[in-house]
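Annotated features, as they stand in TrEMBL:
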type     : residues                   : note
BINDING  : A:108, A:111, A:112, A:232 : heme c binding site
COMPBIAS : A:139-150                  : compositional bias 'Acidic residues'
DOMAIN   : A:95-202                   : domain 'Cytochrome c'
REGION   : A:137-180                  : region 'Disordered'
């Protein structure tokens, strides 16, 4: 486009020149043939070449996107999966949440904490009250100081938070070769790619490292982790967990369930939020319809009136006092 | 709870809210749950029996392997294979090269192709 418009303008210029030359020619009636078709062709070709060349040069300079990091350093972008619960009118699959919690507890919880989720949050979501109470009671928590000022242990209550696998971050690092297993409570919101990233990361460990790739000692190759060297080894294998509802526990099934569970832990209000959204839209639509009706009602008199103007006849034989 | 009764509750903030569901209902729920589980168990036992005969195959791996061989990913597969051949056949003193980027392209293609199939196969 640029080249074409450039060409057109050159043509225009040469046409002007042509005209000018022609007039001088006519005036002086000389025999100069400066405006031969050959010269015009050359001018057109050269200007086209210039236009294309400059565009190409510009693209060469500024066209390619610059990346601060190599693709390896950036990591493979997570593939988008058609999550059912992510649709605007769908809720979490609470059976999947229950299975996901089971996977978290049996697999992830040995390294990763879920410190923002209390047992009471599970009630009505994944477990019944009694189940949640029983799970809470299986853990010990510090109680109030007794008469001697000693802090005794007490069984957990619904209001207690899920226990963390390590006392503190330092202990967690010491137990994991210097790498800190992050808290998973908000992980679905904390990583670029969200739940797709988690699912891809969990299932993305290749059977063999691509040729030539260097994996530092103590790290594992995972294409989705920025830098591809991740301290967490592959943990999910087929039939690692036995689901209580009998779902076949393939690697991707466990990954899907635990990812949906982590989505819930990061966004427990999702079901309510979507429901509220539908309520808001419904009520707002009703109110809007009402307001349209009221407006039409109020304006009916104005809109349907008819103005009749009978001009007074000017001059003539009007003698009735005007 | 029906949608409209829920809507009514939303516009009538004086409606009663119970902190705990009545115990009776809970029992019923429990019974229902166990019944559901039983029926599901029965269904899935059949499925499991079929699968127990052979090793469980992860649907993701299965579909991705199919996708890697598919026509859509053939160019990525070709580049990756070529790279692997080049890198593995090379002597150590040459310039370092790896096939991670080729692997990325192939994996991305295969994953995108397999994603809907995998989720259709999973529960």
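Using the three backbone atoms N, Cα and C, a Cβ is placed for every residue, glycine included.
Apart from A:108, A:111, A:112, A:232, the residues listed for heme c, the same chain places the Cβ atoms of A:107, A:109, A:110, A:181, A:184, A:235 within 8 Å of the centroid of those Cβ atoms. In the structure shown, across all protein chains, A:108 is the one of the binding-site residues A:108, A:111, A:232 with the greatest number of other Cβ atoms within 10 Å. Here the region 'Disordered' (A:137-180) is broken down by DSSP into helix, strand and coil counts: 8 helix, 12 strand, 24 coil. Residue A:112 (heme c binding site) has a Cβ environment of 21 other Cβ atoms inside 10 Å. In the three-state DSSP scheme, residue A:112 (heme c binding site) falls into the coil class.
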